[in-house]
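Structure, as structure tokens:
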Amino acid sequence: MPNQSQHHLQPHPHHLRPQQQQQQQQQQQQQQHHRQQQQQNHSDFPLPDGWDIAKDFDGKTYYIDHINKKTTWLDPRDCYTKPQTFEDCVGDELPMGWEESYDPNIGLYYINHLAQSTQLEDPRQEWKSVQEQMLSDYLSAAQDQLENKREMFDVKQQRLLWAQEEYNHLKLAASRSSLCSSSSSMSRHDPELLRADLMLARERVHQLKQELNHITNDISYTERGMNTLYSVGEKINARQNGCYDIAEVQAIREEMLKVHKSLVSGEKVREELMRSLVQIKNELSRQQISEENSDLASPFDRVCVASQTDLCGSTGDNLNGGARFAEMAKTKLQYAEWRKHIKKLQQQLADHVERIEPGQLESDKDRILLIQEKEKLLNDLNSISLKSRSEEEKRVIQQTRNKLEEDLKEAYEANNTCVANRLRFHEEKQLLLDKLQEALKSTKLLEERLKSFSSESTFSISSGSSLGSLSTASSKSALSFTDIYIDPFAVDSPIDVVDLRRRSQRLFQQHQRLHPVHPGLQQQQQQQQQSSEVSLSPRSSLSMETPPASPMKYNPGADPTTPALKEEPTYANALPAPPAYTAPPPVPVSGVRARPYDLDSTVLDCMMLEAKLQKLNLGTPLNLAAAPLSPISEKPSLLDLPQEMLSRSSSTSNTRSVSAAVSNESVAGDSGVFEASRAHLPRKELAQVQIGLKYLKLEGVLVVSLERANNLLALWTASADNSQVYLRAALLPNSLTSIRTKALGDFQKPVFNDTFAVPITLDKLLTKSLQVTVVTMTGQKEEIIGTVQISMAEFNPEDSTLKWYNVLSSKFIPTFESLDLPSTSAAAAAVAVAASSSASNSIREESSDESTITSSQTSTLTRNQAPPMELQAQIAEEQPEQDGSDDDDDDDEEEDDNNKKIIREVAVGLMNSGCMLDTYLQNMKQEFADKETNTDCAFLPEKSRGQSQMMDDRPVKRSQTFTPSAAVSKNRYNCRLNRSDSDSAMHCGVAPHTFQRGAAERRSLRFHTKAPKSVTKLHHTHIPRTSLDLELDLQAQHSKLYFLNDQIAKLQNLKEVLQKACENKDPLIAAWAIENEEFQRLVARADPAKCPEERQLQKLLMKTAKEIHKLRKTKVPKGCPDLVSFKEKITFFTRKGMSVPELPSEFTLPEANPIEEEEEEEEEDEDEFYNAAETAIAINTALVASNNRNKNLTDHLNRVSNYAAPKPPTIPAPPAASPAAPAGSNPPSATPSTTPATQATTTAVPVPADDNNPEQQRYDYVVDRTYGVEV
């Protein structure tokens, strides 16, 4: 055995994945190639005397020096065949004493036999020195960024001090005004206005303290990240050659995996805590709403007046087989186009990453925030009144103004040159991200549409594979870049830097033109301006369009300055984006390129309308029992839409939270400007039924309440006086019992008020449909005049609903022959069974051409119906090639779970539809049924042959001629006979494999992986991970774990406080939980009420970010280091993570915080001040009244002194006299003066106070000589 050892780690084949095994084989072949070449070079030179060759137990060659009795791995002939130093190396050569080795878990590493050490870095590359220089440059830039944050902290602190002083001045003015409020001649200010100003100033101080606390947290976060980076640099420099050996690399890797497991478990705890916070927040909201208005219904019980009766008919049910298959093919084409668009957007985003350096946007944001803080401070100084200031204060304020103006000018000149281009790139990136999000929404809608076809056929598509191997599952043997540094919770919600810069520029341009406006007057002017905007004109008061009943706006050329309105998801063909408040329907089908229709939100319209009506004193509280309107009146007008959109416009899966009390049309009629649209004219004749639904989970009972009906005369005219009407309901299908209301003779507005309980389990309920029929009874004769069909699949068992439903007249219900299976469902069953039979026979080999042609007719039909394989082949081919790096080796576990789920769904569908296939085949007509090759087809008429020939002269495939509906022209009927159905269905350029007779079914050949390329000599073009990379990854994991534990602790504390508040029904904490924006953003991340489509969209966005990272890595030239990824690594440590809001000081007992303690003292001072002020006002009023009655001043003073014998409580000194006051400003006096004339006589003399005893800081108050009382 050689005594010169190397740290060789044994591989574990059972932990390796196929790509790693292939990479290991390539590395082994490369090493064998080097050994063979080395042996060929050494064969020219014999071994020196006394040397011998031997092999170790693992087959590795070592050399024996018999003279010195030593063994070594080095060949003594290397001194003749290898270069001596790195400068002498050419190409991939290593100098003498160096060896390249490979470990399956770590990868390539290098052995220095001369120094008897191992290292991860390639000694031939200088990537490590480049990394160290980049780290040093970033630390200097981060130091500048930290200085900006500290300067921002100083400016914010100055704003806080000036705001506190202004608050104290207003408090003093309010105290003076309160003492002389009884006489209007003595008061210089309105007491109510001063009191409002005082509240505004106090809120401003409180807000500035919160902002100061946030900046403090940002500074501490940045300092911690910089300290971590400094420690990493020092740790690497302390190592020998700045490199870790293989044993240390293995230990670091194992530690990272352990930390990752802790992160996974901690994230589960955090998600559970956030879900608990969502529930507590909802409970607090319910308590507050119930306390404020117990008569109104809870907003969580949504009221919907959307039409549940599809008057236009469901497209999926009315389309025949051919139209449905054409619709599915069109959807597939749209899906393919959107996928190409997504790939294009991803590529553009990958290009934009190189333009914007990581961390530069954060630095620009800090610069702009600093400028904005200085502008706000300048505006605060400009708004300060200088009348009551001393000369020293005026001089300090003017100097501060001049300095701020100079700083702002310099900052704008510097930022306009360097920040403008970066912000333009950032704005372009944001636009691309918005487009990508809209494209993902559209792709998701199309996937749902394709899944709806899968319920009738065997086509299935997985959301996990929709974008091609975008797996979130991490590798079991290594952590990738995306696993460590791409974390949605590791980054706080971003700030729109572009908008921030625009606002800062507007402030800078306007601060000189703006005059100081009194806060109270400014608020009053705003209120007057808002009230003046509401005109008494009936048209302007509603702020509506003509016709007022239709919220649809046709906007072919929208103004770029106005925000674009989003489209209804039903018309996703023109513009794909569904509104954020709706659950996207599964139909963005038709590919008609119609003009875009911008639809206003119905909920938004009603809220704005209600608010304006309340201002006009026309609004009435919402009442569910009000006269019902047509639900379609809340929908857009259907008459202006293209015919292709009509099939989707009337039935959507969304139920809007809209009241039925007031409509746009009714209000417009009241205002005198009634312009009804064409779509509203026939709706007044609709018959409606009000039905309430509620499910009791504990009892397993569905409560059906048949309340009332409206305008049933539109369905049937009573022919006799004794005619009555009743409602009958049943859960279909397979309903054993039905429920029935009492019979009434009122056909206009009958009130039934009947409630029934139907025992049924929840899983069965969601598969049922509630059918309510309107039945008339004349004597012994009964007749069904209308029907309401309600799908329980859309019913939310968590909510109780009370809705109006349109009744479809029985005259419009067509009568069909009693078939065992509808044609569309039968066609779907045929597709399912055919696909299942083809899947079960996938192992069977094809015997001959004749047998294939025999079954080609039926298989052609099934292929035209729903062949999913082409799309799946396209998805498989569009997956990016793996480059062998560790972050491209993720297991797609989520995709496998989705596929297993879909397989189970398809299997259930096959079992249900298999028994119906025979019935369908008997009822279906077949034009051609011969078992030979059929070359007949349906030809076009003679008059259209020329036009058809001009349009398309492509040859017709043989398999297309078997479809009876495939009408072609005889002039271009060129039948191309392929061997089988699978070949004809396959595009000529899709399959890279040649024909193999006797192989398995060739349809699966399209999914074979590409043949492995011949293994050639591998060049060192891959930049491996260095020791600095490993240390940064480890510290990043530790940082994430530290902040995760901190978040969990804060969330746990917040949960406990909110739980106690919920149990005690504390209104203050409930108001904070509802109004705090930071808390609302926090719970919005884990709100279970968020629709599943939004959660899936967030997952897709996360996967797309990882895909963009992979695309960007492919743009890095081979052999060049990835500079952007390394910059992202080091900027990760200074990015602020998700912040957990902290409760105010009055709700909790946190550690000592000087800012919060000062706030508490101010509150106590204010309470004492108000008590003393009330006492003084009462005494002052009595004194003035007695002075008017008695002219004798001496008797008056004696009586008042006897009356005011109890001394009022003394007022402590306000905190403005603390060292927090700005330099050069005198502390404001706490002694209020009654009038300017008495200021000289009524003064406060401060008592010398001991600094160690804060209780001695009191003022002695003298007696006012005019009124004879203490003030």
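From the backbone N, Cα and C atoms, a Cβ is placed for every residue, glycine too.
Annotated range for coiled coil in Swiss-Prot, selecting from 227-254, 619-646, 1039-1066: 1039-1066.
Range with Swiss-Prot annotation coiled coil, chosen from 192-223, 480-511, 736-767, is 192-223.
The average pLDDT for the coiled coil (1039-1066) in the predicted structure is 88. Nonlocal intrachain contacts for the coiled coil (1039-1066), taken as residues 6+ away from its ends with a CB within less than 8 angstroms of a stretch CB, comprise 224-225, 228, 259, 262-263, 266-267, 269-270, 273-274, 276-277, 280-281, 283-284, 287, 291, 484, 487, 489-490, 1073, 1133, 1137-1138, 1140-1143, 1147-1148. Helix, strand and coil residue tallies for the domain 'WW 2' (92-125), in that order: 0 helix, 15 strand, 19 coil [DSSP]. Sorting the domain 'C2' (685-805) by DSSP state (H, G, I as helix; E, B as strand; all else coil) yields 11 helix, 66 strand, 44 coil.
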